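Written below as structure tokens is the structure these notes are about.
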Amino acid sequence: MKFRLRPARLILIILLAILLALLSLFLLRPESKVNYITTPVAIRDLEKTVLADGTIEAQKLVSVGAQASGQIKALPISLGDKVQKGQLLAEIDDLTQQNEFKDSQAALKNVQAQRTAKLAALRNNQLSWQRQEMLMRKGVGAQADYDSARATLDATQAEITALDAQIIQAQIAVNTAQVNLAYTKITSPMDGTVVAIPVEAGQTVNAAQSTPTIAKVANLKTMTIQAQISEADVIKVKPGMSVWFTILGDPDKRYQATLRAIEPAPESLSSDTSTSSSSSSSSSSSSSSSSSTAVYYNGLFDVDNPEETLRISMTAQVYILLDTVKNALVVPMTALHNEAGKTQVQVVDDKGDIHARPVTTGISDNVFVQLTSGVIAGEKVIVSQQAGTTGGRSGRPPMGF
């Protein structure tokens, strides 16, 4: 006899099988739980700082220009050369200046010779006038001869006075020509290092319209750092505060300094070419643009550079010290929570139980924060949590490391 299932019974069996399968999946699936990452409350020195990007510049940099026009005849320097004050940097062809100097000297000698001749004439005219004066006293002289001798004497004296003025002018011309001749030899105005040479030997320079730069000399023994302080932070800092900075090439070394000055206006002000006669529409546009542009003020400080490790235009990561605490109790900023307006941390005890603990905070360096009450050194606090799975449903989840 052939056994046949009724449709209703078949459907019931299928439903039971599906139910058993779902139940087994639910019972056997891994349990989801949370793994906590903890860190102990540490003791360390903490600094509250203002962070700024800085540029390293030479404390003193001079662009040495040419005051004479002509072809550069000699350029006996190279980049990086150490030079002393008065040392020759370049020499311009001085033929024109030499000729002008010699011409002015000749003109001076000519005027001096004329004066010598007039002095001889003056002595002769003075004797002639004295003879006429003697004859007039004796009553045998002519008035016309006397007057003529006197006039000749006065004219000669006037000519000598004029020649004296011409000699002064000629001497000035000689001095000027001598200075112009000296301008053809360009010397260093200070001790330092040659950091730029924008010209080449054989090049012609023209000093008539502007002063061409021959070389740039810098004192690299002391460097100035220009730190760009944002408008949000500039009100927090003042001259005299301690500063330290690092450079990209040696990020582990701190260079210590003291903030010397804060420029009263942003750097953009010096390059502002707008005029007060701008229309209201352009003024409105400028105001809108200014409001969306970050404003920075230069903080200046100096640092010794005896080995010349620091170079011009290097980037510096600058930290201006606002406050510091020695041996502070600190935790990462991520450990803090705010519950009902109170700052708390979650402390994990030796049994793995979690307790919310209200704390009082001190200064922060934006990574760690000082806790002045609520915890003790060595206690573990939760800094983050990770979702995880486990194969069983029993046991306490690990509480971090």
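Each residue, glycine too, has its Cβ placed from N, Cα and C.
Feature annotations, courtesy of TrEMBL:
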- 268-292: compositional bias 'Low complexity' (COMPBIAS)
- 61-214: domain 'Multidrug resistance protein MdtA-like barrel-sandwich hybrid' (DOMAIN)
- 108-184: domain 'Multidrug resistance protein MdtA-like alpha-helical hairpin' (DOMAIN)
- 222-268: domain 'Multidrug resistance protein MdtA-like beta-barrel' (DOMAIN)
- 327-385: domain 'Multidrug resistance protein MdtA-like C-terminal permuted SH3' (DOMAIN)
- 263-292: region 'Disordered' (REGION)
Secondary structure content, the domain 'Multidrug resistance protein MdtA-like alpha-helical hairpin' (108-184) (per DSSP, counts of residues): 72 helix, 0 strand, 5 coil
DSSP-assigned states of the domain 'Multidrug resistance protein MdtA-like beta-barrel' (222-268) in counts, ordered helix, strand, coil: 5 helix, 26 strand, 16 coil
Helix-strand-coil residue split for the domain 'Multidrug resistance protein MdtA-like C-terminal permuted SH3' (327-385), DSSP-based: 3 helix, 38 strand, 18 coil
